Amino acid sequence: MMDLELPPPGLPSQQDMDLIDILWRQDIDLGVSREVFDFSQRQKEHELEKQKKLEKERQEQLQKEQEKAFFAQLQLDEETGEFLPIQPAQHIPSETSGSANYSQVAPIPKADDLYFDDCMQLLAETFPFVDDNEVSSATFQSLVPDIPSHIESPVFTAPPQAQSPETLIVQVATAVLDDMQDIEQVWEELLSIPELQCLNIQNDKLAETSTVPSPETKLTEIDNYHFYSSMPSLDKEVGNCSPHFLNAFEDSFNSILSTEDSSQLTVNSLNSSATVNTDFGDEFYSAFIAEPSTSNGMPSSATLSQSLSELLNGPIDLSDLSLCKAFNQNHPESTTAEFNDSDSGISLNTTSPSMASPDHSVESSIYGDTLLGFSDSEMEEIDSTPGNVKQKGPKTPSVWPPGDPVQPLSSSQGNSAAARDSQCENAPKKEVPVSPGHRKTPFTKDKHSSRLEAHLTRDELRAKALHIPFPVEKIINLPVEDFNEMMSKEQFNEAQLALIRDIRRRGKNKVAAQNCRKRKLENIVELEQDLDHLKDEKEKLLKERGENDKSLHLLKKQLSTLYLEVFSMLRDENGKPYSPSEYSLQQTSDGNVFLVPKSKKPDTKKN
């Protein structure tokens with residue numbers, strides 16, 4: 001036999017290759033390319049599709065991140081439902097930006113640079129809690145002559161070292177200027193933070209700093225400041241000090257200041273130590289202010305103690321307050337102007353006429369609210385009703401100091417009180433301000449317009465600002481033809497036209513959104529009703545099913561009882577009953593019952 005040479009089993013033969021080519025040509029003729037059968041080609045296409053899919057997912061993720069970053073810069077308008085750009089926080093300019101001393105402008109930091117904890121740390125580092133009176137005290141002590149050793153002064157001590165006053169003054173002035181520039185820069189940074197813009201922060205030191213033209217003026221300012229800071233401690237002990245100490249104090253202090261400055265300084269110091277306004281000082285504290293020719297800048301201890309006892313022990317009639325300058329709207333401002341014009345460069349909160357002490361606020365609130373029994377709304381109603389210029393109500397009771405018994409008035413005092421009451425009744429009615437520092441009463445009829453403007457929407461405020469003669473409701477709710485006719489009758493500029501179109505567009509969008517929400521709510525309510533109906537029907541069907549199961553179970557029980565009863569009545573040829581394990585009863589469609597054995601051979605017996 002001839003042996004046939006077979007090709008290796010791993011390689012196809014030439015005949016197989018020809019056959020494969022023939023089959024491929026047939027597939028190509030049928031529209032199938034050869035790449036369909038190429039596994040490597042299909043794998044490359046699969047990898048390419050996978051890369052395209054991953055690239056698409058990456059692009060979608062990038063687009064989502066861009067949209068998220070874009071919407072983070074917008075805020076949702078609850079009124080119209082559209083997104084508006086967030087307005088950056090405006091920088092609050094400092095009150096001392098126009099000062100001649102400090103022309104340095106601090107850079108405005110970003111809103112995220114400083115937080116509350118950083119601000120507190122910055123304040124703690126900038127403002128160390130030490131007594132600033134040490135420098136001024138040392139400066140003043142260097143110019144005060146030596147006090148005898150047998151007099152113990154609680155305020156002044158001997159200078160620790162001998163140094164020329166001019167050198168010390170120049171050093172102190174330079175240090176104070178540097179510190180104040182740093183303080184101004186710190187406050188500029190603090191006021192630019194959005195978290196602290198809601199606070200009405202006022203820097204008294206920066207607002208009340210004046211120029212220092214010469215070392216002599218700086219010396220006067222330092223000494224005057226120390227004199228003011230030591231006045232509250234001297235008030236309690238001025239009656240017990242010896243005349244020798246008072247004379248030494250007056251001589252040393254008046255040698256520095258002129259007569260005009262010392263008299264003006266006395267007025268301001270008494271005004272600030274008593275924490276009252278200049279208007280109240282003219283009425284109640286006239287005995288405290290001494291003339292330069294008589295007291296030489298300092299009140300005597302007898303006058304001081306007598307005036308204090310009269311003021312504290314005497315009754316205060318609230319009807320007299322209506323005659324006071326502080327409660328008079330058209331009182332002259334010459335006294336305040338004189339006090340503001342100071343050459344010593346010291347300001348004791350008298351530059352701002354609207355600033356009042358807490359005592360005045362309490363007194364005015366008691367006088368205007370508690371004793372008269374009026375609230376803000378009641379005062380507005382009284383102002384708005386005609387015929388209320390002159391009213392006679394219950395007499396205002398006098399206020400006595402706590403702990404003192406009420407003493408009966410003498411005949412002269414009663415006559416004077418009656419005269420004052422009649423004068424107050426005949427005087428034209430003037431409204432009581434919130435505090436004596438206010439020039440105008442807050443209870444004016446302008447409140448009604450301001451309250452109405454507070455309830456206006458943003459579109460109404462814009463339309464009012466651009467003087468659009470149509471109401472916003474008319475712009476939104478008019479049909480197209482009526483709206484075009486209304487617009488053709490007026491001439492508008494570009495800003496007004498853009499605002500009108502914007503108002504109408506957003507109003508229509510708002511109405512459409514409301515209608516959409518209304519339809520959705522109606523659909524939700526309808527679905528809830530259908531769901532409740534289906535629940536009721538389900539409960540009803542479950543109840544019927546339970547009843548049917550019960551009746552079916554009862555029928556089966558009755559049927560089994562009947563089956564056993566009929567089966568027990570059957571007998572075989574020998575008169576024996578049939579065994580239920582071997583036979584069973586079956587009923588045909590015509591109603592006949594047969595006894596059928598359970599074996600395969602049916603041995604039927606008809607009854």
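Just so you know, glycine gets a Cβ as well, placed from its N, Cα and C.
Values in this document were obtained by computation on a predicted structure and should not be read as measured data.
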Residues flagged as region 'Leucine-zipper' in Swiss-Prot, choosing from 124-131, 492-499, 524-531: 524-531
DSSP-derived structure type at LYS598 (N6-acetyllysine), helix or strand or else coil: coil
Nearest-integer angstrom distance between the alpha carbons (Cα) of LYS598 (N6-acetyllysine) and SER40 (phosphoserine): 70
Helix, strand and coil totals (DSSP H, G, I; E, B; other) for the compositional bias 'Polar residues' (581-591): 0 helix, 5 strand, 6 coil
Most crowded position, judged by CB atoms within 10 A, among SER40, LYS598 as modified residues: LYS598
